[in-house]
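What follows is a short report on a single structure.
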Amino acid sequence: MIGAPLAIEGLSVGFGGAPVVDDVTFDVRPGEVMALLGANGAGKSSLLKAIIGLNPAASGRILFDGADITRLKPERRARLGIGYVPEGRRVFPGMSVRDNLEVASFAATVPRTRLVERVFDLFPQLRTKSAERAWRLSGGQQQMLAIGRALMGEPRLLLLDEPSLGLSPRLTAEVMATVRAIAAGGTGVLLAEQAALGALETADRGVWLRLGRLEARGGAPELRTLLTADSDFPGNPLATGGSDL
Amino acid sequence: MIVAQLLVNGLALGAAYALVALGFVLVLNATGAVNFAQGDLVMAGGFLAVALAGSLPVPGIVLLPLVMGLMALLGLAVSLLAYLPLRNRPPVSVFISTIAVGIILQNGVILLFGPEPKAAPALFGATTVSLGGLVIPEQSIAVIAVAGLLILGQHWLFARTQLGRRLRATAQDPEMARACGIPVTAMIALTFAVGAALAGAAGLLLSNQFFVTPSSGAGLILKAYIAVTIGGWGSVAGAVTGALLIAAFEVVASATVSYSAATAALYLAVLVILTFRPQGLFGEAAGARA
């Protein structure tokens, strides 16, 4: 069996009141895409932020390569090999495309320029815009930049929060193909998406969150069948007229 | 000829003001907080240069790195004591804490040096240079050159180095910077250190020609604030340009009308600029202003 770079054990996240993530357990293996699904407000973004360390864990453990990172600072987690692409991209707007990439590099063994070239090979559009300030890029280009920036740390785990949000279907397909290519290189990917069926086309496995609790888990085909066949499934976007595509 | 002479004087004064404004805007960008102690840090830098000159009788240019290094340490202390413990509190807490730092510096300097004005040594010498009919103090040329080099050095640091990229990323989105592996707390402390080092340099440069008193900081922070406001809140280039404009205005207006009238005219000009360009001369959009 392949070891999991990420294991979440009974994790809860809260901000004083009711937990927004409640006793969640799952893992992400190297080279697989794990879909983190659920409607708006299910706790997906809060969970990703807890994994990178921007939200404190109320209880439970986060293990990365078997080591407990639950109390580590976000910068330490990033340097261990966790890349984070937040909802809304959050590129550094006043910095050039190249600077956005270079700033996120901290590998001592690989030259920064080579890492930048790797990102440009993955997203050729960024090469032509390398001197452009990030705020001038289109939404799709900013998404590519945000993913590229996360790759500069050569992550073994990539956290993606709603990468298809605001993108056209064609761009979404491009981004998802890139996500598959990244996973094929051995990186574990945790892909948070409201658009469940679209995400399950890219993912190997998935977990379904509803109001912070894990309602279902399984292989992508299995979850897809569950969502399409069971309109009574709690929080099923196909039954509630949600935004799933 | 007189106008040219005044412009050279204005450029020398503006170059020193630019260092004050630069230190102010760097901290502002990195933390979102106004460091009201920046003027008093300039004053402290001036007195530090005076104190060092008392025990080391060397030209100011030799003292400059020492003053900047010691002031950088003071900047680190300010960040550790007056900013970092309050960073998650409302902005007004940082305003008050930096005002308190300024008051501590003023009173500390009064205790150590007394209230009398002091002068730091010239950078190189006190002679004048004749250039095409202009008589330019050597100190003015040295101030322009040193301040210019420091501004270029700051630009190089921020634009061309990995440390500078990390400082800029921290200023633009500290939370995302942390998620990119950047030690944000260290970056903020370092920004305070750079800001205080620039303040120290400005203090040394200004206190030779214009003397320094324990209360000098109040006027300087006001000018830095105005420079950053008319330049465009948060714009580094705008802060430098704003400082140069203020100095040119002060020198030229003071030569033609009284100093009081020139000061009144300066504030009137600021009002006019802000009426027609509320975002400042180089600002792209109005941000949250303190």
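Cβ from N, Cα, C; glycine included.
Under the heading transmembrane segment, TrEMBL lists B:6-29 (among others). Within its own chain, the transmembrane segment (B:6-29) has Cβ neighbours under 8 Å at 35, 38-39, 41-42, 134, 136, 139-141, 143-144, 147-148, 150-151, 154, 171, 191-192, 194-199, 201-202, 205-206, 209, 220-221, 223-225, 227-228, 231, 233-236, 239-240, 242-252, 255, counting only residues six or more beyond its boundaries.
Residues annotated as transmembrane segment in TrEMBL: B:41-58 (among others).
Beyond the transmembrane segment (B:64-86), the same-chain residues lying 6 or more positions past its ends with a Cβ under 8 Å from any Cβ of the stretch are 31, 33, 35, 37, 41, 44-45, 48-49, 52, 93-94, 97-98, 100-101, 123, 146, 185, 188-201, 203-204. The transmembrane segment annotation in TrEMBL covers B:64-86 (among others).
Per TrEMBL, transmembrane segment is recorded for B:93-114 (among others).
According to TrEMBL, the feature transmembrane segment maps to B:140-159 (among others).
The feature transmembrane segment is assigned by TrEMBL to B:180-205 (among others). Nonlocal intrachain contacts for the transmembrane segment (B:180-205), taken as residues 6+ away from its ends with a CB within less than 8 angstroms of a stretch CB, comprise 15-17, 19-20, 22-24, 26-27, 29-31, 35, 38, 41-49, 60, 63-64, 67-76, 78-80, 83-84, 87, 120, 123, 143, 146-147, 150, 154, 157, 163, 166-167, 169-171, 174, 212, 220.
Taken from TrEMBL, the feature transmembrane segment covers B:225-249 (among others).
Listed as Cβ neighbours of the transmembrane segment (B:256-276) (distance under 8 Å, sequence separation of 6 or more from its ends, same chain) are residues 226, 229-230, 246, 249-250. If you look up TrEMBL, you'll see B:256-276 (among others) marked as transmembrane segment.
The highest tally of CB pairs under 8 A with the transmembrane segment (B:140-159), across B:41-58, B:93-114, B:225-249, is held by B:225-249.
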